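**Q** I have a structure I would like to understand better, so I am pasting it below and will then ask my questions one at a time.
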Amino acid sequence: MAGVAAKTSAMFNNGVTSVEVVDSDNDDIGVTRSGIKRFLVPSVNRFRQLFTSSPTSMASSTKRYWRRRQNKQDTENDQYYDQVDEQDEYSDKQELHQQINDGNGSKNHDVEEADDDDEEDQDEDRQVRKKMLRKQNKKEVEVKKKKNTEIRLLLAKSTDDTKNNAKMMSESTAVVTIMDELDFKENSNANDSERETWERNADFLLSIIGFAVDLANIWRFPYLCYRNGGGAFLIPYFLMLIFGAVPLFYMELILGQFNRQGPISVWKNVCPLFKGVGFCAVLVAFYVSFYYNVIIGWSLYFLAMSTTSSSGQLPWVHCNNTWNTNSCVEQKDDDWAAVINGSNQNYNYLPRMHANGSLLVMLDGTSDTGSNFNDQSSPAAEYFHRGVLGMQMSDGLNELGYPKWQLALCVFIVYVMLYLSLFKGVKSSGIVVWGTATLPYLVLTILLIRGLMLPGSLTGITYYLQPELYRLLDTQVWVDAAVQIFYSVGAGFGVHLSYASYNNIKNNCYTDCLITTAVNCFTSFFSGFVIFTYLGFMSHKQHKPISSVATEGPGLVFQVYPEAVATLPGSNIWAMLFFFMSITLGIDSAMGGLECVITGLMDEFNGFFKKQKWPRERFTFAVIGISFCVALINVTPGGIYMLHLLDTYAAGISLLCSALFECLAVSWFYGLEKFCDDVENMIGHRPGLYWRICWKFISPMFIIGVVTFALIYHQPLTYNGYVYPEWAEWLGWTLAFSSILMIPGMAIVQMCRANGSFKKRLAYNITPASEHESMEKNKGECTRFRLKHWLYI
């Protein structure tokens with residue numbers, strides 16, 4: 001029948017099975033197959049019979065064909081399950097025999113209990129997944145049998161109408177063999193079993209603690225307390241922690257552990273419409289790596305200078321260096337004693353030394369040169385800004401300059417360490433965190449004990465704990481508190497979701513959430529004690545108010561702490577220990593951020609990476625290489641201005657938006673009832689009322705309020721007296737919205753990819769992929785359109 005074209009296609013399980021038959025003028029037949037072991041295609045003559053044979057012969061031959069096909073499918077299915085049952089029975093006998101042998105052998109040697117426990121956990125995990133798969137497959141077999149029966153009945157009632165025959169052929173080709181479906185499910189399970197897992201649960205716990213406890217705990221949290229009224233900042237901080245960050249942190253652990261997928265591909269099983277949330281989280285984590293690893297590079301540079309000082313003294317102690325200015329002053333304890341003993345004058349300020357070595361005596365806030373006391377700078381501040389960064393060679397973002405090779409080398413070493421920690425996956429990173437997550441507490445404890453012995457330390461602690469309650473009326477205090485707690489805990493980054501995806505499915509992530517949150521808050525609060533102890537000492541030494549002692553941003557680590565360790569006996573050793581601690585604090589957090597990028601993209605484009613040789617190693621190298629090239633901008637003389645810009649916009653509003661839409665997608669669209677069922681299947685009990693109310697109402701409301709106030713009361717960006725130009729502000733907002741716009745952008749893409757009416761497209765995109773087949777069986781009925789789904793708490 002020339003000029004007639006008939007095309008049929010069937011798509012099952014997101015495109016696993018595809019059949020296409022074309023009859024053209026020259027009678028060529030094309031068949032495409034994907035992922036099918038046994039595919040029974042009717043011969044060319046049978047397809048032609050639909051158009052050329054008589055209705056009676058066509059109907060009888062079609063009936064015979066489908067009866068034979070159904071009988072064959074039933075036989076293959078029975079043989080398949082008989083074979084599986086025989087294999088299970090054989091494996092059970094082998095295990096029993098092995099247990100008997102192990103029992104006899106235990107009399108002669110000891111058994112390593114820790115390894116046995118790990119193996120038992122993995123075996124239990126495999127058995128649970130296997131039983132769930134078998135149960136799901138059997139249900140699908142019954143569905144396929146019913147569908148085949150319906151088609152046979154339809155064919156039996158067929159008429160000699162050609163259009164009806166063509167319609168029946170189209171519907172019949174939509175039925176794939178049961179064995180093909182089972183093969184797909186087994187392949188999916190095999191891919192899941194190939195996913196790496198943590199060697200020990202402690203590796204996972206230390207990894208998420210290591211990411212949550214980072215450099216932000218020792219400089220960002222104390223600085224925000226320092227800037228926002230001391231103890232007053234703790235009130236919004238803990239409110240945001242209890243009702244915002246912790247519930248979302250727990251939610252991320254559940255999503256990752258239950259679905260065992262990265263932060264992008266996990267949304268296919270949650271709510272495909274919000275797939276952009278995963279891309280947003282990955283972009284935010286990638287942007288943070290541009291500047292966060294530079295701060296670790298600074299620590300490495302300070303560590304090197306602490307060990308290679310030719311004079312045996314730390315280079316930030318005196319004002320007689322080439323980078324110092326006449327504004328640099330330092331305290332000389334001997335000169336102070338001489339002045340006090342040789343005069344009855346009541347000095348209000350400690351004597352200091354100019355860079356030229358002459359004594360500087362200041363009365364009533366002025367120096368002997370007539371300059372104001374507040375214009376003076378400390379040796380540590382000038383060393384950081386002029387000796388390390390070289391800021392005197394740049395006027396701002398308009399003149400960045402060339403990268404300093406010393407800092408570029410340090411940053412390169414940091415990226416090499418990151419590659420060696422990540423290229424083998426969680427097997428290598430799990431070992432590293434044992435050292436990086438524990439050392440900081442020893443160093444901070446030593447620094448606190450020493451700081452409490454210094455004069456003025458109690459004044460600093462009083463300032464830290466005594467709240468200035470009027471500051472709570474400032475909306476910026478609340479915005480800073482929200483950004484800090486989400487930044488510190490790591491909610492919204494997708495890092496915890498990535499780490500949890502390598503967990504055993506029965507791991508108690510609820511306990512991990514509580515432990516990590518407690519350790520993170522304790523570290524922030526504890527490091528606040530340490531730094532305010534030394535701020536009080538510096539205030540006493542300089543006779544300045546605590547609020548004007550130190551600079552802002554990450555410079556707090558590289559000005560206050562260096563000056564603090566310089567007061568210790570054997571300061572070189574303490575400086576090396578402190579900056580080594582800073583490196584360990586930063587490395588595991590940097591590992592977590594890049595792991596989110598690597599895991600997220602490799603899981604999303606798994607089909608592409610499977611075809612590559614050494615995919616993990618090569619892709620890790622590419623991600624780290626790109627991040628390093630961008631990071632070189634921040635090691636130029638004007639790089640500190642770019643770093644402050646990235647720190648403000650890369651993970652501020654965009655991080656909060658990522659957490660907000662993640663919460664909305666799970667609690668409202670995926671459904672709290674189904675989400676609680678997932679939790680119960682994993683850890684044996686459902687989340688309490690506190691978690692459910694926070695997920696559905698309180699956490700989203702908190703975040704929406706903070707984001708709204710941040711946009712309305714936005715303040716111009718400055719750093720150390722430098723006011724950023726307008727184009728830099730636009731650059732920052734472009735960076736922020738580049739990640740935020742991934743959420744609506746991917747939602748539009750998902751809607752365009754779907755077929756049917758707008759309602760049908762929306763139904764498929766707010767329903768997990770695992771429920772699409774049941775929707776088809778129920779004629780497209782979507783449970784998400786029911787009022788019960790939205791009102792469940």
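Using N, Cα and C of the backbone, Cβ positions are placed for all residues, glycine too.
Quick caveat, the model's predicted, so the values are computed rather than measured.
The feature Na(+) binding site is assigned by TrEMBL to Gly210, Ala212, Val213, Asn217, Ser488, Asn520, Leu585, Asp588, Ser589. Residues or ranges marked as compositional bias 'Polar residues' by TrEMBL: 54-63, 97-106. The compositional bias 'Acidic residues' annotation in TrEMBL covers 76-89, 112-124. Per TrEMBL, the feature disulfide bond maps to Cys319-Cys328. What TrEMBL records for 54-127 is region 'Disordered'. The transmembrane segment annotation in TrEMBL covers 204-222, 234-255, 276-301, 405-426, 438-465, 485-502, 514-537, 573-598, 619-643, 649-672, 693-713, 733-752.
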**Q** Can at least 3 Cβ pairs under 8 A be found between the transmembrane segment (649-672) and the transmembrane segment (573-598), with each pair 6 or more apart in sequence?
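**A** No, these stretches are not in contact.
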**Q** Please tell me whether the transmembrane segment (276-301) and the transmembrane segment (438-465) touch - that is, whether there are at least 3 C-beta pairs under 8 Å between them, with each pair 6 or more apart in sequence.
**A** no
**Q** Return only the integer: C-alpha distance in Å from Val213 (Na(+) binding site) to Cys319 (disulfide bond).
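**A** For Val213 (Na(+) binding site) versus Cys319 (disulfide bond), the Cα atoms are 35 Å apart.
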**Q** Let me know how many other Cβ atoms fall within 10 Å of the Cβ of Cys328 (disulfide bond).
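**A** Step by step: centre on the Cβ of Cys328 (disulfide bond), count other Cβ atoms within 10 Å, giving 24.
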**Q** Give me the stretch from 234-255, 485-502, 573-598, 693-713 with the greatest number of Cβ pairs under 8 Å to the transmembrane segment (619-643).
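**A** It is 573-598 that shares the most Cβ pairs under 8 Å with the transmembrane segment (619-643).
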**Q** Considering pairs 6 or more residues apart, do the transmembrane segment (573-598) and the transmembrane segment (733-752) have at least three CB pairs under 8 Å?
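**A** They are not in contact.
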**Q** If we check Cα distances from Cys319 (disulfide bond), which of the binding-site residues Gly210, Ser488, Leu585 wins as closest?
**A** Leu585
**Q** The transmembrane segment (405-426): which same-chain residues, six or more beyond its ends, come within Cβ distance under 8 Å?
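**A** Answer is 196-198, 203, 207, 293-294, 296-298, 300-301, 304, 388-389, 432, 499, 502, 583, 587, 590-591, 594-595, 598, 616-617, 620-621, 624, 627-628, 631-632, 635.
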**Q** Considering only Cβ pairs under 8 Å, which range in 234-255, 438-465, 693-713 makes the most contacts with the transmembrane segment (204-222)?
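**A** Per the Cβ under 8 Å count, 438-465.
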**Q** Might you list, by sequence position, any residue in that chain lying six or more from Ser488 (Na(+) binding site) with a Cβ less than 8 Å away from its Cβ?
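**A** Within the chain, Ser488 (Na(+) binding site) has Cβ neighbours under 8 Å at Ala212, Asp214, Ala216, Asn217, Arg220, Phe221, Ala245, Asn520, Ser524.
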**Q** Is the transmembrane segment (438-465) packed against any residues at least 6 beyond its ends, judged by a Cβ distance under 8 Å, and which are they?
**A** 206, 213, 218, 225, 230-231, 523, 526-530, 532-541, 546, 561, 564-565, 567-568, 574, 577-578, 580-581, 584-585
